[in-house]
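Worksheet for the structure shown next.
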Amino acid sequence: MGALTIVAKYMIVAQIEVNGSVDKSDIIGALFSQTEGLLGKDMDLRELQMMGRIGRIEVDIFEKNGKTKAKIHIPSNLDRYETALVAALIESIERVGPYPAAVKVVEIRDLREEKRKKIIEKAKELVKLIEEEILPDTKEIIEKLKEDVAKAEIIEYGPERLPAGPDVDKSDSIIIVEGRADVVNLVKHGYRNVIALEGISRGVPQTIIELSKKKNVTVFIDGDKGGELVLRELLKVAHVDYIARAPPGKEVEQLTAKEIAKALRNKITLEEWLAQQKAAGEKAETPQQPPPQQPVPQQEVREEAQKPAFPFDITKKIDEMLGTLEAEIYDENWTLVKRLPVRELPDFLTTSGDSIYAIILDGITTQRIVDLAAKKGVKIIVTARTGPLTKVPENMQILTFDQLKKVE
């Protein structure tokens, strides 16, 4: 009966040197015959092989100078103690046929350890496969979540049902973009005062024109020729304060949070843009505003009235306010009523029951603020600067920080 095929735990590796010419069968025969009965029937090599406790004995043989050398491999399914005993047993061989012989065990390999190493290496490959192809990246999940939340926050604004962020009405300033995807991307990254043109094939929506009369407007265009065309059409009918542009070749909907922030931080005024177009040799068309929408010249608004008498050093107050992005509300006795962020000023003017005489703000005074202030009877507004103003009450003075510092 031949040896059974076994799943070996260990591999005994030994070398034998025979002082004569022999073949494989001689060596294998010597292993069985010379070890028979030495350690009892339970450790007899033939019995162990028949029971599947050791596997087929392999012998790799070569001769040189009349001597025979061979490497012996014996797979073992015994425990480590019994395997060591078998290894010691075969070292007891002294002859092969008529020739003296010597056997030396070179190593006992733990095949399970080798298998474990292979399993671990394979597991590493599979984990990498899972990470690369199966499990989504955490950043991707967060980006998808942000996008889903942004889409849920998008509203339809005006009779044209333009895609817009939820703060278009609340904010003193708006960002105008081309399409819905641009709105989604900006809202996703925290810019909620954004509204889309939704194309200009049918002209600039009237809603955009009306918003531009009363809010500070930044137009955020794609970094291609199409963005330039959209801007030119918009400038024909709407008031624009600033222009921001995506990096060359990129669209607003593709930008990352850092790219959006950088583009908006580097926005330029309309005047700067027109100067750039002129310098580049392009004939930029200066927007022609319809007569009813023409802003009242700021020079007239600011300088017709005499500078009011302030009960404190206004230059010091301006220096104190600069950089705070806050507004201070005063009554007719110049008593401070409230100090609040500029972004909360419109809501305060709408809901407050306090008597208001003057406002000092480190921000932009828009037409909306002027209208709300007029309803509250405000007589003086001191501001960092102004947006386009189409109507200022005769009994209201609007003075900028720069003007007051020059006077001082």
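For all residues, glycine too, the Cβ spot is worked out from N, Cα and C.
Across the domain 'Toprim' (172-248), the DSSP tally of helix, strand and coil residues reads 31 helix, 18 strand, 28 coil. Residues annotated as domain 'Toprim' in Swiss-Prot, with sequence analysis given as evidence: 172-248.
The annotation Mg(2+) 1 binding site is assigned in Swiss-Prot to Glu178, Asp222. Other Cβ atoms within 10 Å of the Cβ of Glu178 (Mg(2+) 1 binding site) number 24 in total over all chains.
In the structure as shown, the Cβ atom of Asp222 (Mg(2+) 1 binding site) sits within 10 Å of 26 other Cβ atoms. Annotation comment: Swiss-Prot describes Asp222, Asp224 as Mg(2+) 2 binding site.
The region 'Disordered' feature in Swiss-Prot is assigned to 279-304.
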Using all protein chains in view, find how many other C-beta atoms are within 10 Å of the C-beta of Asp224 (Mg(2+) 2 binding site).
14
Confidence summary (mean pLDDT) of the domain 'Toprim' (172-248):
89
Please report how many Å separate the Cα atom of Asp224 (Mg(2+) 2 binding site) from that of Glu178 (Mg(2+) 1 binding site), as a whole number.
12
